[in-house]
Amino acid sequence: MTTTLITNIGELTTNVATPSDACGTLSDAAVLIDDADIAWIGAAAEAPEAEDVVDAAGRAVIPGFVDSHTHLVFGGDRADEFEARMTGTPYAAGGIRRTVGATRAASDDELRARLATLVAELHAQGTTTFEIKTGYGLTVADEERMARIAAEVTPEVTFLGAHVVPAEYADRREQYVDLVTGEMLRACAPHSRWVDVFCERGAFSLDESRRILEAGIAEGLLARVHGNQLGHGDGVSLAVSVAAASVDHCTYLSDADVAALAGSDTVATLLPGVEFSTRQPYPDARRLIDAGVTVALASDCNPGSSFTSSMPLMIALAVREMGMTPAEAVWAATAGGARALRRDDVGHLSPGARADIVLLAAPTRVHLAYRPGVPLVSRVWRGGIAL
Ligand code: NIG
Ligand code: FE
């Protein structure tokens, strides 16, 4: 057992809400880490002794980022597609099939090496909890190995066999849905906590999506949904109707979608890296928050629509482009992500929580949006271990 005291914290974001401050902000504070957890939080002047002491020198401390939506296991990249988009070629979900080809061709060790590089990127940028989806294998064996390799680095693995219908099933899509809801699900469920479906024109219909989520739920998985990304659609209403933990993208929403989310426990997870990289309109976070919807921010790190692992970038985009305040954006990237993953041990700093802590090279969390592109993550602890 080791204890570490982080003291002289100028601004501490705890996310333990008070009536006037959802971020539970403390000044001149200290945090005591005992082994993997937080043991004490309070005024620096009253801090207990510890074996190690870290002097924050007036800088800001926030909870580690919770990135609740990534696709980190894949082969190849699609820089050529990005380049073409920037000269006017629109984003299409069909690009997913190119990554499917590259992922199937990669060995387990090649996938692991790529994954390790990306996980190191996430950690260096302050992400201490992350979810990973399958969905670039789309055969029983390839989906199973994606889920297995993802489970080596996170407990938050999502089975996304229903990402798109693979080319070899193009004219027999019903058989593909049978496969996803049968043999593929049974192979992936032991490595997974979640089931997801891309409910969108060009991917899976409402009926197909419902079948897939219900099969996953019957197999013991919890539901989440990709929806309303490329146009208006059924993703949000489906997610709410199956009590999904989260519906992700939410770029095109009707008033009924917003009302349904507001009356539910389903989080709206916004992924502004996608709009940045596909030149689509950003989702309207202000509209959602004002309606009482819980909003999370995530990176959607994947080689097609958003090849970035940076939660600070998501915060900067959410503030600049989506009407969120800096406090709301930091909350959404930490506590919001934890809600989207139904986790209560991360996303906040309080006694008993996991010691996932980020020390910023800045006096306040506002700097995450105010200084976009600047590496402000100075030190990161995950489960009490300095990364
Ligand atoms: O979340 N929307 C569907 N899936 C990914 C895109 C994956 C890709 O283009 O390879 C997403 O944006
Ligand atoms: Fe995604």
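Quick reminder: no glycine exception, Cβ is built from N, Cα and C everywhere.
Annotated Zn(2+) binding in TrEMBL involves His69, His71, His226 plus, out of the candidates Asp300, Asp344, Asp345, Asp356, the residue Asp300. Among His123, His163, only His163 appears in TrEMBL as part of the 4-imidazolone-5-propanoate site alongside Arg78, Tyr136, Gln229, Ser305.
Following the DSSP three-state reduction, the secondary structure of Asn302 (N-formimidoyl-L-glutamate binding site) is strand. By the rule that a residue counts when its Cβ sits under 6 Å from some atom of ligand 1, the binding-site residues His69, Arg78, Tyr136, Asn302, Gly304 yield Asn302, Gly304. The closest partner of His71 (Fe(3+) binding site) among the binding-site residues, by CA position, is Asn302; the full candidate set was Arg78, Tyr136, Gln229, Asn302.
Among the binding-site residues His69, His226, Asn302, the ones whose Cα sits within 10 Å of the Cα of His163 (4-imidazolone-5-propanoate binding site) are His226. Only Arg78, from the binding-site residues Arg78, Tyr136, His226, Gln229, place their Cα within 10 Å of the Cα belonging to Gly304 (N-formimidoyl-L-glutamate binding site).
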